[in-house]
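> Just lifted these from TrEMBL, have a look:
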DOMAIN    B:81-131  domain 'NADH-Ubiquinone oxidoreductase (complex I) chain 5 N-terminal'
DOMAIN    B:148-433  domain 'NADH:quinone oxidoreductase/Mrp antiporter transmembrane'
TRANSMEM  B:15-35  transmembrane segment
TRANSMEM  B:47-67  transmembrane segment
TRANSMEM  B:98-118  transmembrane segment
TRANSMEM  B:130-147  transmembrane segment
TRANSMEM  B:193-212  transmembrane segment
TRANSMEM  B:218-239  transmembrane segment
TRANSMEM  B:260-278  transmembrane segment
TRANSMEM  B:290-312  transmembrane segment
TRANSMEM  B:425-449  transmembrane segment
TRANSMEM  B:470-490  transmembrane segment
TRANSMEM  B:510-536  transmembrane segment
TRANSMEM  B:615-636  transmembrane segment
Amino acid sequence: MSDFPFLVAMIAVPAVGAAAVAALPRGRELLAKQLALGVSLVVLVLAALAAVAFDTGGDRFQLTTSVAWIPDFGVDFALGVDGIALVMLLLVGLLVPLVIGASWEDGAPGAGTVPEAGTEARSMRFFFAWLLLLEAFMVGVFAATDIFLFYVFFEAMLVPMYFLIGSFGGPRRQYAAVKFFLYSLVGGLIMLAAVIGLYVVSTSELGEGTFAFDALRQLDIDPGVQKLLFLGFFVAFAIKAPLVPLHTWLPDSAAEAPIGGAVLLVGILDKVGTFGFLRYCLPLFPDASRFFAPMVLVLAVVGVLYAALLAMGQSDMKRLVAYTSISHFGFIALGIFAFTTEAATGAVLYMVNHGIATGLLFLVVGMLIARGGSRQIGDYGGVAAQAPKLAAVFLIAGLASLALPGTNSFVSEFLVLIGSFPERPVYAIVATAGIVLAALYILLMYQRTMHGPARGVVAPPAGDGPASGPAGTVDEPGGGGATAVLTAPARAAVRFTDLSRREIAVVAPLVVLILVLGVHPQPLLDIIEPAVTATLSDLGATR
Amino acid sequence: METLSAEVPLPAEGLLGWSWLLIALPLAGAAVLLLGGRRTDRWGHLLGTATVAGAFLLAVLCTVQLADVEGRSVDVDLFTFISTGELDVRAGLLYDPLSAVFVLLITGVGSLIHVYSIGYMAHDPARRRFFAYLNLFVAAMLLLVLGNSFVALYVGWEGVGLASYLLIAFWYTRPAAATAAKKAFIMNRVGDVGLALAIFVMFAQLGTTSYAGVFGSVGTLAGGTLTAIGLLLLLGACGKSGQFPLQAWLPDAMEGPTPVSALIHAATMVTAGVYLIARSAPIYDETPTARTVVLAVGAVTLLIGAIAGCAFDDIKKVLAYSTVSQIGYMFLAVGLGPAGYVAGLAHLLTHGFFKAGLFLGAGSVMHAMDDSVDMRRFGGLWKKLPVTFATFGLGYLALIGFPFLSGFYTKDAIIEAALDRDDVWGWVLGGVAVLGAGLTAFYMTRLMLMTFFGRARWEPGVHPHESPSVMTVPMVVLSLGSIGAGFLLVKAFPLSDWLEPVFGEHEAEHVVAPLTVGLVVTAVMLVGVLAAWLFVGRREVPDTAPVRVSPVTRAARNALYADTINESLVMRPGQWLTRALVWVDNRGVDGAVNGLAAGLGGSSSRLGRTQTGFVRTYALSMLGGAVLVAGALLAVTSG
């Protein structure tokens, strides 16, 4: 079974699926959704089978495929996964079908949801086509073992995400999309320079240029050159991750992106940055990595606290969740640059867990916004009384986000902190203070939106009976697209319904994973640890 | 890892091997009730009670079996929780005399309070959810006391924090309840940082977090490290147990339904700090410095709680400050080291009985008075609520240390142990404890007089009635504990014998004869009672609290300004900082990157248009930001 080209299939299937969905005639919205969901489920099955075929005690890179692509420059279409890439592929396979399920009724007339102020209904065919194309590129970026190929996927990811934000996002989507695109593009250009530099070094050392990861990591690069090349990669990844102070594009992008786009942006795209630290910065530039580690650690722990404080100060729920993610990326960077097995394994697990937990948080925030038509925390209050299931899922996502023991995130945050403490006690202590701030930003948001008496958009219509009306009734706010931009009084007429069966189906897998991985994370750790050990031995780390 | 202690617990056999069911039963109950939805409304409360009662039965059987095991200590290994690198955390339980005592307290008092809640919550539409959370609490609390490593304890520790949050906010449409729940969780998390850091230090120094591993190699640790661990653990204990300086959340937690106050915020969860310190005895034994801080915390909190308890008119708040104060006694006791562990734990157990009984009695009073908690609108209730009055009265007498009732034995044992230090500190601590006994007698007598005696000052339309037997029977059972538990635990079947495998033998050499201590404490207690009668009993109680009062009373009414201090030192500066950072991030960081780009573009006029979406501006701005970071990295690290 391990001969089957899983990785090629995981790129080809969604890419072809994207073309097919886009080619559907106008008006076949339902078919487009069904096709997209089917394709993404095929990818999920492929990812699961790839995990089964993967031997945790085997070679570093498995399921490999390699064909010459641009022979003149030594560029190969080379794919392969280590444990780190494998768990990221599982995350991709998991999140995309859920995102499609969550976006099922976006843009559909009479869906019973209120469009966010300033958005308008659009053909969702292209939305789903872009999603699938993005999935193909995301698989490619994690599976590439040729640096040039990695770079191509890295840049290609921008295009579908740009359109997801720019065409289907909130009122300031143009601004956000351009900001996202330019930040990423600049990072990419700097990285391109470093990729070329690496090629030049390999030419001079090996006599023949190469982009193959396995050949490049065995180069003995001059420390000064290492520093420059490290910075080239690091800046690109630090923008993507993002680390403070290169983070300001993320709150704008995540806030304006449609919820599905925000989930993939924060859940997966940003992890390409931290994945890049581990895959490229540490093994290729070990001396430079050790040299810059203290500075990166400072950025990491400053980011943990700074972004957590900023999260507390946000009035927009999506921006708040975006800032919590920046804080969490600080933890991940701390785990990676502490150079211990426990911390780095924890960091990789953190990447997966964060995708699950923050993915769920974004999804449930999206469901709340779909009901209330506002992103402002202050427009809500007392939701729990009218939509208890939604409130329960919100709480579970929040608790996972603040790394409560029993949820998946606890294991990874605990590993990052306990693993970095022996080597970097001061940084670990400062970051540990972040757990208080995490409790604050989550519980403040939860209290303001879910607890208390009904308020703002949650208040029952004037003259109506008790707050909880018969289930299933949906108040059409005037109907038709003309009321897309709701005025405040019109919004107040919305009554909250609890989660629908579709929404429960979307959130249930994530809730189950949060609890299961919180109690039994060992299967993932067994996949991740060998890859982390190999990475740290490239680096020459002691532990 | 150094040589493990010779007393490594035996692997569990027989029924003890199934002791994980103790946790699984209530957890399964919670899961069924939460996932089952409205279908379980009719019988959910019965299931919730049955799981805890079943756990109690199992606990009794396990304890009986444990008594016959050599060393009275077994290890129940379950599965690998986290294993990577040098870290190997196994999920497992330690069933020893100390955890057995707590398991019996939690499931025993827990069962009674579940039964009581059937009646107390009968008319609440969300009763099922209430029982689900209560079951969740019991499961987490049992994990806390049964876990065989500091990580397992931490999981239970934050688990009970979650259950406490959910239950304080049970009536979440009330803003006060929602705020109190959040406050409790946050202040607990401050403590949890200490506990987490203690675990990190243990791993860094010893490579393990299991009790057997850590306690077995305590001797290899430097004194400073031990003191650091001791102080960090203490921070965690202070958060969970509402001790100074993290005491302000506990009185607010009274926003939760009264059975919650009885079970979580009096009898069990808030005593987890005492458990943590007692469990970590091998660490504290080696660090007198940390023990001294424990003593100081206990003594200070004892007085803060007792002083504040004298001034409140809210019956539950008085009992809450009383809890803060009584846990101060327990901290003082375990801070004494080997001389005080058993005394502290005995007081913890008797307090569990009589304080749970007092809270249930207060709930019964509230039940009768349309959920009012204002003692100024009570009065003369002894005739209307005879069972409540009798059981509450017994709890009252036990708490103030009336001779031969529960609190008398266990509180005196703490005072004796303090005096046994035979130094200045011993006299200071003993004096504080005796003074606290007088204050306790004062505030509890005041409470009794205002609630049950004097003129009926009821709100119009209130018709007090005794509670149904589903509520009074648990109160009666707990009042039996108020009467006899102290005698049983101190005299008849000494707790020190049962706990001997954990804390070893300690021969007390009394500096002051126990009889003398008993007479002095009783005399001080009577002074407190008399004072309360003089100030409250013989005068008319006004319906509303007097406004013109002395500064001392005002300070006590504000609980010695703990909230004010927290707000002005932490909360407001934090809010200010947050607002400033939001401004900086929006204008400063984003603007600096954009503005630098405009500058590089050579046209200052673009500064004002940086947000307009010009592609070129942004491209340059990003380049500027990247150059800035790269330059800074190079400059700082090569400089």
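Cβ atoms are placed via backbone N, Cα and C, with glycine included.
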> Same chain, outside the transmembrane segment (B:470-490) by at least 6, Cβ under 8 Å from its Cβ: which residues?
109, 112-113, 115-116, 118-120, 346, 349-350, 353-354, 356-357, 360-361, 363-364, 367, 387-388, 390-392, 394-395, 397-398, 404-410, 413
> DSSP on the domain 'NADH-Ubiquinone oxidoreductase (complex I) chain 5 N-terminal' (B:81-131): how many residues come out helix, how many strand, how many coil?
29 helix, 13 strand, 9 coil
> Can you work out which residues elsewhere in the same chain, 6+ from the ends of the transmembrane segment (B:47-67), have a Cβ less than 8 Å from its Cβ atoms?
14-16, 18-19, 21-22, 25-26, 28-30, 32-33, 40, 74, 95-97, 100, 103-104, 107-108, 110-111, 114-115, 118, 131-132, 134-135, 138, 142
> Who are the chain neighbours of the transmembrane segment (B:260-278) in space, where the CB to CB distance is under 8 Å and they lie at least 6 residues beyond its ends?
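Same-chain contacts beyond the ends: 98, 102, 105-106, 109-110, 113, 116, 134, 137, 141, 144-145, 153, 157, 160, 163-164, 167-168, 170, 195, 233-234, 236-243, 250, 253-254, 284, 294, 316, 319-320, 323, 327, 330-331, 334-335, 341, 344-345, 348, 351-353, 355-356, 358-360, 362-363, 503.
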> Mean pLDDT across the domain 'NADH-Ubiquinone oxidoreductase (complex I) chain 5 N-terminal' (B:81-131), rounded to an integer, is what?
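Reported value for the domain 'NADH-Ubiquinone oxidoreductase (complex I) chain 5 N-terminal' (B:81-131) is a mean pLDDT of 94.
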